Amino acid sequence: MKGIRSILIAFGLFAFACSSASAYDPSPLQDFCVAIKDIKNGVFVNGKFCKDPKLAVAEDFFFSGLNRPRNTSNPDGSNVTMINVDIIPGLNTLGLTLVRVDYAPYGVNPPHTHPRGSEILLVVEGTLYAGFVTADPDNRLFTKILNPGDAFVFPFGLIHFQFNIGKTAAVAFAVLSSQNAGRITIADAVFGSNPPINPDVLAKAFQLNKNVVKYLQSRF
């Protein structure tokens, strides 16, 4: 347990040093921000409004509970706990998000992307098969087997994943380079959009029978 604690402390110091040197929040900080003429009807801004610094308290910069295992009883066999600016208000403008990922045996954090941030992941328990795919036209796959103490980087916006290849539970922590990096899970977005994408589009795009597409949509 001391070894894991030492790894996490070192990882946290490393992430903080990197963020202080070069972390940034790209624009925008949400999926879209539609302009309006009447500011009285404005709801969202690119980021968060700031509290008067004189009114700030320690709790604005604090979160407790990342030591507790999460429930992985779901089809993916994983659970992602994202500690971003919505959880710790003091993260506003700092360009950081902390993540804990729990994996059941053979659980997967399915292929997804963060449209507003890059990521570095540290394994603290178990063994993960992790990787990412580069953009068109190369679509190169980079993968690595990660053991406790190993770290792996997922570049900005690229599709990536982790799979627990062990017979025991696994745990990893990650830092993202945005206070609101966002997450697009590929299967959920493509086959579970609301409203659904026309099956003819997906059948053509994935070279699948239309009935197969409809079945996949029913699963998401």
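Placement of Cβ uses the backbone N, Cα and C atoms for every residue, glycine included.
Pulled from TrEMBL, these are the features on record:
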BINDING   Asn109, His114, Glu119  oxalate binding site
BINDING   His112, His114, Glu119, His160  Mn(2+) binding site
DISULFID  Cys33-Cys50  disulfide bond
DOMAIN    64-214  domain 'Cupin type-1'
SIGNAL    1-23  signal peptide
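Locations of recorded TrEMBL features on the structure.
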residue: Cys50; record: disulfide bond; Cβ neighbours (10 Å): 10
residue: Asn109; record: oxalate binding site; Cβ neighbours (10 Å): 25
residue: His112; record: Mn(2+) binding site; Cβ neighbours (10 Å): 18
residue: His114; record: oxalate binding site; Cβ neighbours (10 Å): 24
residue: Glu119; record: oxalate binding site; Cβ neighbours (10 Å): 22
residue: His160; record: Mn(2+) binding site; Cβ neighbours (10 Å): 22
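Annotated oxalate site Asn109, His114, Glu119; additional same-chain residues within 8 Å of its Cβ mean position, judged by their own Cβ, are Val99, His112, Thr113, Leu121, Phe154, His160, Ala174, Leu176, Ala181, Arg183. Among the recorded positions listed (Cys50, His112, His160), His160 has its Cα nearest to the Cα of Glu119 (oxalate binding site). If you take the Cα of Asn109 (oxalate binding site) and the Cα of Cys50 (disulfide bond), they are about 33 angstrom apart, rounded to a whole number. Model confidence over the domain 'Cupin type-1' (64-214) stands at 96, taken as the mean pLDDT rounded to a whole number. The Mn(2+) site is set by His112, His114, Glu119, His160; from the centre of their CB atoms, other residues of the chain with a CB within 8 Å are Thr113, Gly117, Phe132, Phe154, Leu158, Ile159, Leu176, Ala181, Arg183. The two recorded residues His114 (oxalate binding site) and Cys50 (disulfide bond) have their Cα atoms spaced 25 Å from each other. In this structure, the C-alpha atom of Cys50 (disulfide bond) lies 33 angstrom from that of His160 (Mn(2+) binding site).
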